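Per Swiss-Prot, the features are:
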- 47-67: transmembrane segment (TRANSMEM)
- 104-124: transmembrane segment (TRANSMEM)
- 157-177: transmembrane segment (TRANSMEM)
- 199-219: transmembrane segment (TRANSMEM)
- 237-257: transmembrane segment (TRANSMEM)
- 258-278: transmembrane segment (TRANSMEM)
Amino acid sequence: MAAEITSTDYIAHHLTNWTYGYLPGEGWKVAHTAKEAGEMGFMAIHLDSMLWSIGLGIVFCALFWLVAKKATAGVPGKLQAAIEMIVEFVDTNVRDSYNGTSKLIAPLALTIFVWIFLMNLMDLMPIDYIPVLAQKVGAAMGHDPHHVFFKIVPTTDPNITLGMSFSVFALIIYYSIKEKGLGGFVGELTLHPFSAKNPIAKIILIPINFILEFVTLIAKPISLGLRLFGNMYAGELIFVLIALMPFWIQWALSVPWAIFHILIITLQAFVFMMLTIVYLSLASQTEH
């Protein structure tokens, strides 16, 4: 594939999603080029990201369900032992970092950690295998293979990472209102960090406090999602650049980078999970 097109085309092809959306003048369709995908705008759907994220979510649920169903009280098998270690690891972090009373946080944290880890893990797949297979399938169906895009790492798509982070943001708002009441939540946004005993001064400070607190609040999901996206996108881009090099250089660079990347994909899943726990813990605290 790399020999048939330019390096620029190769990189652009690997960084373009399989996109379905409304193209002005042509109606609803699958994008044939990166330019068409961009012109489809915000409402376009990245079909590959949806397919892989949902598919890996099903794999996660099925795997844990099967292990739980076959779990024994005696000496556990290797898979059961690994699952138990993950569950205990997440549960320990929740107990140490979450000060609220909700029983939802531990299973939520476990879901976030394992799901993101599985999505990140796709970055270790050989860069061309699945996309080239998708191109061959597309060609067999009568499509131009160069117009077939198929990314396999959902966390390199900001729509996925920001979608997860804003779901966490919705939980932050929910727990803030649940624990503090609507009045307490509004007061937290308008009466801090600056306060005054004089009623007039307090009213004057309300918009200033709101701007500062709102920026702090909205920065949480944005930074949470973009941090995961940025790290994974950069990792994928490096793999793409390595794939453009001569074969003997590819092995010399890809193996150590893949080994190092194992740390990155695990760390990014852990960071997302921990920040979620911390944010929800702060939202559950009744004192500012």
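Any Cβ shown, glycine's included, is placed from N, Cα and C.
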Practice item. May I ask for the residues of the chain that lie six or more residues beyond the transmembrane segment (258-278) and have a Cβ under 8 Å from a Cβ within it? Key: 90, 93-94, 97-98, 105, 108-109, 112-114, 116-117, 120-121, 123-124, 155, 164-165, 168, 220, 224, 227-228, 231-232, 235
Exercise for review: Residue list, the transmembrane segment (157-177) vs rest of chain: Cβ under 8 Å, 6 or more residues beyond ends.
Suggested key: 17, 46, 49, 53, 100, 102, 108, 112, 116, 119, 151, 185, 188, 217-218, 220-222, 224-226, 228-229, 232, 272, 276, 279-280, 283-284
